Structures are given as C-alpha cells and as structure tokens.
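Following: one structure in structure tokens, then a few remarks.
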C-alpha cells in the first residue's frame with residue numbers, strides 16, 4: 001500500500017498491514033542486538049562476572065577482563081555499589097540478599113535469618129576456568145558502616161568453601177557462607193554446636209593470620225630460591241623403585257641408597273625396598289636396581305653370575321660420563337677424574353678404566369700429575385661438584401696441559417649448576433643461607449660451601465626439627481634452597497615455619513636461573529616389563 005493510497009483512506013475504511021518474515025527476522029535481530037549491548041554495558045558498571053548457573057549449566061555470561069582484576073577494582077572504588085548484583089543474583093540464586101542490621105550477629109554465629117528489612121548486598125557466584133568447582137566471592141556493602149573502605153582478604157582458590165573477611169571500624173569480622181550453609185529460621189540445623197565451634201575456630205584463626213600479617217617486619221625477608229629440589233635424574237630413580245614395588249612383590253633390592261636423602265630412602269624402605277652394598281645379600285634370580293649414582297662394570301659381572309634381573313636407574317648424565325671414559329680409554333687417552341675418591345659416583349666412573357684413570361680431589365693434586373708431552377689427556381668431573389672449586393682445578397689443568405680435552409657439554413649436572421648459580425646471585429644480600437638436604441648429599445654440601453666462601457653463614461638441615469632457633473637472632477634476610485635430592489614438601493615445611501609466628505618472615509620467590517628439565521624415560525627393560533604386565 002502506497003503512501004497516497006493510505007492517506008486517501010477514510011476513517012471508516014479498514015486496512016490490513018502485513019509484515020514479511022524477513023522484516024520480522026531483522027526486527028528480532030536488532031532487538032536482540034539492543035538487549036545484548038544493554039546487558040553488557042549494564043554489566044560494566046558492576047565489579048564481577050555474573051554467571052547464570054541453571055541445572056543444565058546454560059547461559060554462562062563472561063567478562064573479558066580478569067575476575068580478580070574486576071574484583072580488586074571494585075574494592076578500591078569509593079562508591080562500592082552493586083546495582084547489577086542486586087537485580088540479577090536474587091533471580092538466579094536463592095541466596096538471601098537482605099539482612100537486617102540486628103541480624104548481623106546471627107550471621108557471624110552461623111544462625112538462620114530471613115532476607116528482609118534494611119539490607120546489605122551479597123554479590124555473585126563465579127566459576128573457575130574448568131567450570132567444575134565454584135568460588136564464592138562475598139562482598140557486603142553495609143550502609144551502617146559507611147565512611148571507611150572495606151578491607152578484603154584474598155581467598156584460597158583450592159578451598160571448596162571460601163570466605164572473605166570484612167574489617168570495619170570496630171575490628172569486627174563478618175563471615176558470609178554459600179547457599180548450602182544458610183538455613184531458614186524454622187529449619188533444622190546439623191550439629192549446630194560442632195558447626196559453630198568449627199566456624200569460631202576458623203574465624204579466630206583468620207583474625208590471628210591478619211593480625212600477624214600486619215605485625216610483619218618488612219625488613220625480614222625469606223628468599224625462596226628457584227630452581228631447587230629434585231633434579232630429573234633423582235625423580236627418575238625414585239620413580240623406578242616405586243614402579244618396581246608396584247609391579248613386583250616386595251622386597252626389591254637396591255644397590256646403594258637410590259638417592260642421598262634419608263627421608264626419601266626411609267619412605268621407600270617402608271614400602272618394601274631394601275638398600276644393600278654387598279650383592280651377596282641379594283637372593284639369586286631376584287630383581288636388583290642400581291642407584292642414580294652409577295655402577296662399575298665389576299658389579300654388573302657379579303650380578304650376571306647371580307642371574308639377577310638388573311634395572312639400571314643410573315642418571316643419564318652420569319652414564320654419559322661413563323661412556324666417554326670407556327671411549328677415551330679405548331683411544332689410549334689418560335683420564336683425569338675430578339672428584340672425591342670415596343664418593344659412590346666417582347668409584348663407579350673410575351672402575352670403567354682403572355688402568356688409565358687418575359683421581360684429582362683438589363688443586364694440589366694437579367701438581368702431582370706428570371705425563372709425556374705427546375700423551376693424549378681427557379678430563380671428566382663428578383657431576384655434583386662445586387663449580388668454584390672445579391673451575392680452579394680445570395684452569396690449573398689447562399695451564400699445565402694445554403692440549404687436554406673434555407666433554408663438550410661439560411660433566412657437572414645441569415641441576416647442580418643451576419642451583420649453585422641461583423644461590424650465588426642472592427646469598428650475598430642475605431644474613432643466612434639455609435640448605436635443606438641430607439648430610440650424605442654431595443650437592444647439598446656444595447651449596448653450603450658455595451655460600452660460605454662468599455662470607456655468608458650457611459647451615460645444612462635435613463628437617464625443620466634440626467633448626468636451632470638461636471641462629472635466627474638478628475637475621476633479617478634468609479636465602480632458602482634445597483639439594484637436588486630433597487623433596488619439595490620438606491622445603492615447604494621450612495617456609496611454613498619461618499613465615500609464621502614467632503618468626504614472621506615475608507616470603508619472596510627468587511628466580512636465579514632458568515632450568516630446562518630433560519624428558520628422560522624409565523629404564524627400557526622396566527618399561528618393557530610394565531607393558532608385558534598390562535597385556
């Protein structure tokens with residue numbers, strides 16, 4: 001119908017106006033477009049992401065900005081209004097959003113209350129990236145305590161139920177709990193006394209934690225050094241023993257301690273591992289695991305005579321040194337082995353070619369070496385030596401024998417190098433160095449030595465019970481690291497001890513070296529046994 005025709009119609013005339021499907025689709029599109037952006041800009045005024053979690057987990061609304069950033073920005077804002085939350089959360093969740101002023105004590109005591117009267121706003125529920133477990137951010141905008149910005153304590157993401165403490169002028173703590181923890185006044189309570197007691201203990205603990213946090217001396221710093229702890233060779237050796245214990249019935253015999261750490265070895269002994277030094281202690285035909293430190297060819301021959309099932313957990317870096325010693329000995333080289341002659345790793349390497357290998361323990365031993373001018377020389381080192389001492393010995397060897405050769409990539413383990421490098425960067429700024437490790441660990445003792453030669457006191461401790469608190473007097477800055485055979489949980493025990501009363505050190509992570517951890521598989525014959533057992 002044209003405009004002229006429409007205008008010529010009388011009032012009594014009837015006119016039917018039809019809308020095409022295309023026009024109707026366009027209309028719906030623009031309507032949806034308008035509502036979407038209206039919803040988006042309205043959401044931008046709030047401080048959190050609103051997620052509609054229905055029974056089928058549909059219609060999840062997200063914000064591009066980080067949840068934490070939005071949350072923290074809202075806390076910093078002076079107004080602290082939650083317009084969007086009030087409107088939508090009440091509809092999506094059955095969480096009481098209105099609480100009377102005189103009901104606040106009952107909220108603290110975890111009793112029931114009805115959502116009415118003058119109110120505070122409780123904000124929304126948000127989801128983590130995996131969409132499986134949910135966090136609850138609770139924020140109370142209290143008009144009765146208006147005038148001072150609320151202080152929010154960050155939550156622990158790994159707890160199933162999270163809470164936020166809000167401190168007002170009266171230093172009063174108010175705790176809000178998720179939907180499942182809130183009951184109606186006329187409802188039943190499950191173990192009210194136990195629940196109240198548990199909540200009160202948590203509240204007191206949170207209050208004490210914040211009080212201790214405020215009481216920290218900013219000058220007292222605990223530097224937790226990275227990298228630290230297990231190297232790949234150690235973790236591979238431990239995993240080898242654990243897999244054998246799963247695959248076969250205990251006992252499982254291990255030649256020498258699998259790694260030089262008493263805590264690790266005691267744990268494996270409880271599971272059924274037996275550490276031996278003499279192969280006569282192993283029954284014929286039984287399984288024998290070689291430790292991460294390597295083994296000499298003579299031991300392998302004895303094992304074959306006893307028809308033992310050998311599983312070699314030797315660190316691949318130690319095995320690399322063995323291969324070079326064998327190869328150079330066949331090429332008529334004389335081998336100079338830098339290390340400690342009583343160390344199990346050096347014993348294994350030396351016995352690869354005892355007729356042409358010379359052990360050097362210190363700089364003075366270099367003076368005792370005499371070779372013909374045309375003699376081919378090759379040097380290797382114990383993988384856990386101090387870089388400082390080793391550098392001095394190597395320099396003297398090169399000065400005396402300019403034609404001497406070595407492994408292109410070096411002999412010292414990457415983990416030993418990285419842990420010493422990281423410690424050397426920070427220890428000179430500290431008053432004390434604490435190395436977590438066993439007294440039988442060579443690389444642990446070298447970490448202590450590395451700090452001491454830089455005039456920084458250092459102690460080697462196996463457990464937190466070995467710590468003498470007297471040494472912490474007048475100590476403001478501590479460098480904390482651990483040996484390559486030390487479990488991380490032992491280091492964390494020191495962190496927990498030193499960052500809590502009575503010490504109250506402030507924890508700071510220090511990245512002293514970048515570490516590329518190699519990807520080494522378990523011994524081949526063990527992997528084959530595992531596959532056969534699975535079949």
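In case you wondered, yes, glycine gets a Cβ from its N, Cα and C as well.
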Select one of 293, 403, 514: the residue that Swiss-Prot places in the isopentenyl diphosphate site alongside 260, 343, 441, 442, 443, 485. 293
Taking the Cβ of residue 442 (dimethylallyl diphosphate binding site) as the centre, how many other Cβ atoms fall within a 10 Å radius? 25
Compare the Cα of residue 485 (dimethylallyl diphosphate binding site) against each of the recorded positions 231, 315, 345, 383, 413 and report the nearest. 231
Suppose we draw a 10 Å sphere around the Cβ of residue 315 ([4Fe-4S] cluster binding site). How many other Cβ atoms does it contain, all chains included? 25
Using the alpha carbons only, what distance in Å do you get between residue 442 (dimethylallyl diphosphate binding site) and residue 383 ((2E)-4-hydroxy-3-methylbut-2-enyl diphosphate binding site) once rounded? 10
Only counting partners 6 or more residues apart, tell me which same-chain residues put their Cβ under 8 Å from the Cβ of residue 260 (dimethylallyl diphosphate binding site). 438, 440, 441, 442, 444, 485
When a 10 Å sphere is centred on the Cβ of residue 383 ((2E)-4-hydroxy-3-methylbut-2-enyl diphosphate binding site), how many other Cβ atoms does it contain? 30
Cβ atoms other than its own within 10 Å of the Cβ of residue 441 (dimethylallyl diphosphate binding site), all chains, total 24
